[in-house]
Amino acid sequence: MQAPFFLFAYWYSNLMGAESTGYEPIYHAIINLSAVFYLVFGLFFLFKFLSFQYSWRTAFFSTAIIFLGTNLYYYAIDDTGMSHVYSFFLFSAFLFISRKTDFLKDLKLINLISISIISSIILLIRPTGAMFLLVFFFLDLNQRNHILERVRRLGNIRATSVFLSIFALIWLPQLLYWKYSTGDFLSYSYGGEGFNFLSPKLGYTWFSPINGLFLYTPLYLLILFGMVRMIHNQVTNGWLILTSFFAISFVFSSWWDWSFGCSFGARSFVEYLSLFVLPVAYTLSQCTKLRLYKKVLIGTLILGFVAFNLKVTYTYDSCFFGTDAWDWSEYLSLISSPTK
């Protein structure tokens, strides 16, 4: 996804007669531009996805809150070489196309090609993205037999043929590269690193000073509140989102390095914000029915979460330097330090 931008930088450097090794400042700048490009279109697709269900104001403010109040901001503006903002774009586009086509109720070729390209790239970037693709079968589900209908649509010979063909085309360059570099068509680049599903570190993933989800992105408290309210009021997708939250929390906390190294907050959750925006949108849509003091309270909390995220973003020094997983003094020093 960065390739078109890299090639442009290469072409421009040669046109200007400049040295072009791939490490010049223009190549760093072009990756930043690439991240912003996919961020803008990811937010656009997210807004359009929400607009199917909510007013444009609710959709707009929900999208803005997800961007400014979470570590999506950090990975779109600061650590632009990571895959998260690109996956966020793909996840948002997938949700938009799924709703726009009524979950491929219309099996037009363009719809099949679009959903196949997006799905294939999602899996190519991170195979764990398969968890997200399952959303296709359960999103906006009102009756259980709708699951079978969606399975039948994908099981259609035409749909299956298109998906497998596009999947093969998109994965072929990666397979050939693996063959060239390792001698095998399939290669596990993480070596001996893997998942420990029998000993997930949920408490660490959620609350540790080292990249804990709620400590670095407290907006998830509002997201969880929205999930619970959706379930309480029997709103469609409430159980789906809550189940998805716990499922991905379990998987990511089972990774051998549950903190995911030098990251800002729980970076593995970033792309899933395209789904977690729904509880935020639901909460905002219900604010019109609340008394003034409750509106002020929710608004103040949201502004506080956004301010905290932006403040810590510009305080963070690319890595947490605590001595252990529960080094609260280092965390307090981080959040109280002046911005840079």
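Glycine residues also receive a Cβ, built from the backbone N, Cα and C atoms like all the rest.
Unlike curated records, TrEMBL annotations are generated automatically.
Going by TrEMBL, these are the annotated features:
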type     : residues : note
TRANSMEM : 26-47    : transmembrane segment
TRANSMEM : 54-75    : transmembrane segment
TRANSMEM : 109-139  : transmembrane segment
TRANSMEM : 159-178  : transmembrane segment
TRANSMEM : 213-231  : transmembrane segment
TRANSMEM : 238-258  : transmembrane segment
TRANSMEM : 264-284  : transmembrane segment
TRANSMEM : 296-316  : transmembrane segment
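Stretch with the largest number of CB pairs closer than 8 A to the transmembrane segment (54-75), among 109-139, 213-231, 264-284: 264-284. Across 213-231, 264-284, 296-316, stretch 264-284 shows the highest tally of CB pairs under 8 A with the transmembrane segment (109-139). Non-local neighbours of the transmembrane segment (264-284) in the same chain are 42, 46, 49-50, 53-54, 58-59, 61-63, 65-66, 70-72, 74-75, 78-79, 82, 84-85, 87-88, 90-92, 95, 129, 132, 135, 205, 211-213, 215-217, 219-220, 222-227, 229-230, 235, 237-238, 241, 244-245, 248, 252, 255, 298, 313, 316, 318; each lies 6+ residues outside the stretch with a CB under 8 Å from one of its CB atoms.
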